[in-house]
């Protein structure tokens with residue numbers, strides 16, 4: 001009985017094994033047939049199948065095949081559980097699934113790299129087995145990077161340009177749009193916020209400059225970290241910092257807290273430009289890079305248009321506000337600040353669906369992660385083009401040999417803050433060392449010349465773009481003053497004034513027993529006048545002064561006529577009752593001037609659209625240097641037309657002209673910066689140069705605006721000289737058109 005049971009169990013197990021082998025052979029033949037059809041595209045080898053076929057031609061002996069190799073297997077054979085029935089440990093894994101990246105030693109004689117060349121025994125990362133790391137010279141590392149750059153370019157060509165790149169284009173475009181919005185936010189809210197926060201001229205100037213200071217710090221900080229921690233991760237963190245503090249700034253009431261929030265908001269958005277361009281460039285093949293990086297620049301313009309349109313639509317709506325007593329006020333300009341944080345928030349949400357740069361993975365020795373991302377790029381593009389059957393043929397990618405730089409801290413070593421402190425110091429040292437390497441012998445000349453180009457471009461561009469609106473406001477003020485009405489020597493008795501007085505000067509007037517009730521005074525001046533037995537009630541004023549006037553037996557009830565508005569005036573037996581609360585400073589508030597700021601900014605940013613299109617179409621045809629130098633020369637020539645801008649409309653037209661011709665040089669400079677530095681220094685160098693750009697912007701704005709109302713010759717001369725110097729330096733830089741990404 002027992003012997004019959006064993007024979008039956010052996011028979012069943014043998015039948016299962018035979019069925020399993022038949023299934024494996026059938027699956028193998030089908031997969032091999034499909035792969036051979038795809039062989040022309042993928043250049044895949046079939047050495048794995050050949051080796052297995054050789055083994056299958058000689059089956060194991062009966063005892064070994066059915067019963068296993070040892071007695072233990074024989075004893076346990078009949079007790080196999082039903083839970084494992086049907087489980088096939090040798091089932092063929094589908095060819096397209098990720099099984100771990102094949103290495104050189106497992107590929108056999110037919111394995112090839114992305115460029116079609118045999119691996120020739122390469123194992124692991126580049127340089128493995130070539131001796132100790134200490135003996136590796138800089139020349140060897142340079143050779144490794146050149147080989148990686150060539151292979152990476154070939155892989156990007158195989159992946160193609162399609163849906164993946166366009167999706168990433170719009171995602172990173174939102175991040176760049178957030179940067180464009182940030183530049184305009186403070187300028188748009190100042191006319192409204194100055195009254196809520198009672199801002200003096202010095203406070204307004206500091207608020208305008210603090211954004212550039214934050215962006216300068218952020219560009220250097222996030223640019224350096226992105227080369228060590230990753231492009232995607234640092235961009236997510238920087239955008240999160242920007243959106244959080246932009247949100248807080250719309251609710252805080254005090255000037256100091258608002259200034260602090262806008263500073264940290266600027267620090268967050270400062271990482272946008274250096275990371276976005278580096279990140280996107282590492283997914284673009286050489287023939288597409290210049291054009292599509294230029295198209296990406298268009299989102300900065302869209303950010304400016306968005307900010308101007310939202311300011312125009314939201315800020316004048318005073319009904320969009322509420323207040324809780326006199327301590328907390330939420331006016332429409334705060335809604336505008338909140339809306340301006342939306343691009344950053346949307347960019348964060350969209351960026352979470354995107355992978356890290358595969359080039360960053362390869363630079364840090366993460367071969368498998370890079371392969372997976374590149375396969376995702378390939379498969380996404382092939383499916384979108386209607387070729388889902390095409391297989392990603394790359395089996396091995398070169399990686400850079402990694403130096404032992406990181407300090408590993410055990411979890412039980414000291415307190416948590418001590419471990420984090422050591423890690424932060426180590427990371428800071430690596431970032432600083434990477435920054436200093438940009439001034440090493442190999443890159444010193446390029447870095448110094450790029451500093452000159454970035455500084456001169458930013459000094460002239462930001463200086464002029466802020467000087468233009470200030471000049472327009474100055475011309476408006478001159479025209480407004482020319483229409484001032486003067487009323488000399490008037491005598492008024494027993495009259496009630498309950499209307500608006502605007503842009504008037506009253507000299508030597510005498511007012512007896514007059515009532516000023518519900519009166520609004522705008523840009524009104526009373527000089528050498530007498531007020532006797534008069535009554536002021538519910539009077540509001542802006543830019544209104546009483547100079548050398550005398551008030552006798554006069555009552556002021558619920559007015560905003562504060563002490564500083566009485567210049568060298570005498571008040572005899574006069575009383576102030578229940579003065580208006582709020583800002584004692586004289587602010588103009590919103591009005592036609594604010595609308596003009598929105599309109600001019602809207603036209604100025606929209607005017608760069610033709611320049612963006614032209615630069616994108618010609619960037620890869622005429623080269624980066626010609627585009628940069630040519631656009632700078634045209635901008636320099638356009639500066640001389642500023643001397644003819646003697647009217648408001650003429651200055652607006654010249655602003656649009658300057659913005660339209662100068663944008664091409666910015667696009668070329670962004671592309672050139674990306675391509676001149678290797679991947680391990682790209683965002684560090686870009687971040688440093690962008691930080692220098694913000695410093696030059698602060699200097700340019702401060703210098704150019706100081707000449708408003710004095711002379712136009714100095715700004716024209718400074719801008720022309722800076723642009724001429726920048727274009728001459730640009731011509732000495734190496735041309736990067738047609739080169740692979742380092």
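Cβ atoms are placed via backbone N, Cα and C, with glycine included.
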Membrane topology agreement for residue 294 and residue 651 per Swiss-Prot: no
Most Cβ pairs under 8 Å with the transmembrane segment (686-708), selected from 170-190, 335-355, 448-468, 599-619, 652-672: 448-468
Winner by Cβ pairs under 8 Å against the transmembrane segment (627-647), considering only 295-315, 335-355, 448-468, 599-619, 713-731: 713-731
Per Cβ pairs under 8 Å, the stretch of 170-190, 234-254, 295-315, 335-355, 652-672 packing most closely against the transmembrane segment (448-468): 652-672
Interface check, the transmembrane segment (295-315) with the transmembrane segment (335-355), three or more C-beta pairs under 8 A: yes
Remote residues contacting the transmembrane segment (335-355) - C-beta distance under 8 A, at least 6 residues beyond either end: 167-168, 170-172, 174-175, 177-178, 181-182, 185, 188-189, 232, 235-236, 239-240, 242-243, 246-247, 249-250, 268-269, 303, 306-307, 310-311, 314-315, 320-321, 372-373, 376
Residue numbers, six or more beyond the limits of the transmembrane segment (713-731), whose CB comes under 8 Å of its CB atoms: 449, 452-453, 455-457, 459-460, 463-464, 467, 625, 628-629, 632-633, 635-636, 639-640, 642-643, 669, 703-704, 707
Secondary structure at residue 393 (phosphoserine), reduced by DSSP to three states: coil
Ranked first among 170-190, 234-254, 599-619 for CB pairs under 8 angstroms with the transmembrane segment (206-226): 170-190
Other CB atoms within 10 A, centred on residue 393 (phosphoserine): 18
